[in-house]
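Notes follow once the structure below has been shown.
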């Protein structure tokens, strides 16, 4: 651990354990006395929310697995049996299905927080990279989970996405056959997806432990982006952040419950209440909402890339789309080395901040485009939005690293907090004066 | 601080924006009618009388073509179901030991089930066995298989009705609009639009997710088959379901309710929604408690947060 252990075993039993396996000490140093910057705002609560969501997904998922049948003839009906005949089965299934959406809401906000406050920068590159690994595992898990009910969108989504493997030169078709376990999406596909869907959350849990370990070595970043200097900059994790995270978790649960109990199917697709039929293709195949930005980038590549003035194609449009979609996530791994600015927080980067805001808007735009039919003008807009997505990482951030003059940084977190308070007071005071000036400003 | 919480919560709800746009495609059906449903809203529940009427319509009209495979007779007697009983009706004179709240013992459910013939298992000589239905049986399908269903319906397979309301966009309103929206019916146009020719064995409906371009009469098209200037293709399309509720009082209600086409349509849609979401009442009731609990808990945790942080400048 990055800080001196302050754990003092209080009882004989604790001393006995501490000598043999200091697990209580580990827990105490990590989650009780861990020194945490005192200026973390609510954007920093999504880590805790994500941990809770992972547990909720595993618990509801294990219960669902007790009743689910992974066979193409029975999968759809067994899910409906859970909905209709298992005691509180509808609750388990709606909690699990909407839980996936909640998980992605939280992870996107968690990533956005990292991008805004520069949490990926030295010395947190490994912490960030592990986060990207978790994100990739989550996407794979969610995709395979969506296939399990074996509805129309399950089946056709699986067909579209697994077929992408065939875009890879030479080994593409063998990979596709391996994914399918045969020559089409069929029972073997469903079986292996089920096995992997059950396995991967535990892999995620393992990487989450590494992620927290990598967090606790350098300690938290914070909204000022300035490192902790003295004890005055920090508070112990418990009770300060257990209660703050606790409030955020309960507030998040309200949102979650609103979906589960009052609009459980809003985030899903109606076609998935029709059993899978390989002979009927849905008019419009779309993935779940959380994949839409990446789906838009996949479909944006409608052109082949080859040697100009010849017919030689090096990368056809299908492979290009796959590379762009994968690249859009893999690029996050190298982000710490693309953004060379020494200033972490966008609070002190007046230019980069606005480019990042455009980047966020761009991702929302891509999400919207992913749900539209693949025709003009959506294709052109998708191409422009995809171009901006990559330009932000590959051009804008590297250039700004050199050209941007950051605002002066506070000397410490405590100073940042004081400046913040003064700033928000200043912003508030003009409200006392009306436009006509007839009302005297309140004395301060 | 609360301002920031609200901002964060607002952002967290953003995916809702996407939820609506994932289904834009194909054809230009008319927007379904926004009907008032007993089960809508935070506290909406099923009207049991209406579910019973809806079942009557389903049994008399729909079930001759549409299966409802996921629903068992016993479901009719479960809490929230059309024939659920809290206690046995006295006029039936059942023994005190009978618990009518148990769907398997519910006299209505038993009678409904017995009305169907179920083919299940084999007799001692190995021949298929037919017997009257039991509460534990599922609704039998009108056709033995998909091929038979398609042959009997001009090549179209009538969809299973168990999940129909959830399997269609805005399902309640859509089905209500569709079955009352044929030409000549209360919510439909007076006549088939003059621009189109409806092929034999098909029926025009402005709410159907189809395409009327292929039905346009030649005089509205140019040589290349494009619409002439100023001509619009009518809403909807044509498909193979004849108007199921073509006139008033196809069903005579046992409870004396006025049997108009709109009433029958509303009732059967209410029943179909129950078939798709039998848990709706339990779900909303539990949701109320869960939200109350969470709001109270959030208040307590927020107060603790203020208390604990009161001396820390942050």
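Numbers here mean position along the shown chain, with the first residue as 1.
Using the three backbone atoms N, Cα and C, a Cβ is placed for every residue, glycine included.
Heads up, TrEMBL stuff is auto-annotated, nobody curated it.
Here TrEMBL flags A:13-224 as domain 'Cytochrome b/b6 N-terminal region profile'.
For A:42-70 (among others), the entry in TrEMBL reads transmembrane segment.
Per TrEMBL, transmembrane segment is recorded for A:90-115 (among others). Same-chain neighbours of the transmembrane segment (A:90-115): 43-44, 46-47, 49-50, 53-54, 56-57, 60-61, 63-64, 79, 82-84, 128, 131, 134-135, 138, 142, 145-146, 252, 255-256, 259-261, 264, 267-268, 288-290, 332, 356, 359-360, counting only residues six or more beyond its ends whose CB sits under 8 Å from a CB of the stretch.
For A:96, A:197, the entry in TrEMBL reads heme b b562 binding site. According to its DSSP assignment, residue A:96 (heme b b562 binding site) is helical. The Cβ of residue A:96 (heme b b562 binding site) has A:57, A:60, A:61, A:64 as same-chain neighbours under 8 Å, each 6 or more residues away in sequence.
Sequence-distant contacts of residue A:211 (heme b b566 binding site), defined as residues of its own chain at least six apart whose C-beta falls under 8 angstroms from its C-beta, comprise A:127, A:130, A:131, A:134. The heme b b566 binding site annotation in TrEMBL covers A:110, A:211.
Residues annotated as transmembrane segment in TrEMBL: A:127-148 (among others).
Look at TrEMBL and you will find A:193-214 (among others) tagged as transmembrane segment.
Feature annotation from TrEMBL assigns ubiquinone binding site to A:216. According to its DSSP assignment, residue A:216 (ubiquinone binding site) is helical.
Marked as domain 'Cytochrome b/b6 C-terminal region profile' by TrEMBL: A:227-411. Taking the domain 'Cytochrome b/b6 C-terminal region profile' (A:227-411) as a whole, pLDDT averages 93 in the prediction.
Taken from TrEMBL, the feature transmembrane segment covers A:246-268 (among others). Counting only same-chain residues 6+ beyond the ends of the transmembrane segment (A:246-268), those with a CB under 8 A from a CB of the stretch are 42, 45-46, 48-49, 52, 91, 94-95, 97-99, 101-102, 106, 288-289.
Residues annotated as transmembrane segment in TrEMBL: A:289-307 (among others).
Annotation comment: TrEMBL describes A:319-339 (among others) as transmembrane segment.
Here TrEMBL flags A:351-371 (among others) as transmembrane segment.
According to TrEMBL, the feature transmembrane segment maps to A:377-402 (among others).
Per TrEMBL, the feature region 'Disordered' maps to A:418-444.
Cα of residue A:197 (heme b b562 binding site) to Cα of residue A:110 (heme b b566 binding site): a distance of 23 Å.
Comparison of A:42-70, A:289-307, A:319-339, A:351-371 by number of C-beta pairs under 8 angstroms to the transmembrane segment (A:193-214) places A:42-70 first. In sequence order, A:46, A:47, A:50, A:131 constitute the residues six or more apart from residue A:110 (heme b b566 binding site) in its chain with CB-CB distances below 8 Å. Outside the transmembrane segment (A:289-307) by six or more residues, the chain places 100-101, 104, 108, 139, 142-143, 164, 267, 313-317, 320-322, 324-325, 328-329, 363-364, 366-371, 374, 379, 382-383, 385-386, 389 with a CB less than 8 A from a CB of the stretch. Every protein chain considered, the tally of other Cβ atoms within 10 Å of the Cβ of residue A:216 (ubiquinone binding site) stands at 19. The secondary structure of residue A:211 (heme b b566 binding site), as reduced to three states from DSSP, is helical.
Take the CB of residue A:197 (heme b b562 binding site) and look out to 10 A: across all protein chains shown you find 21 other CB atoms.
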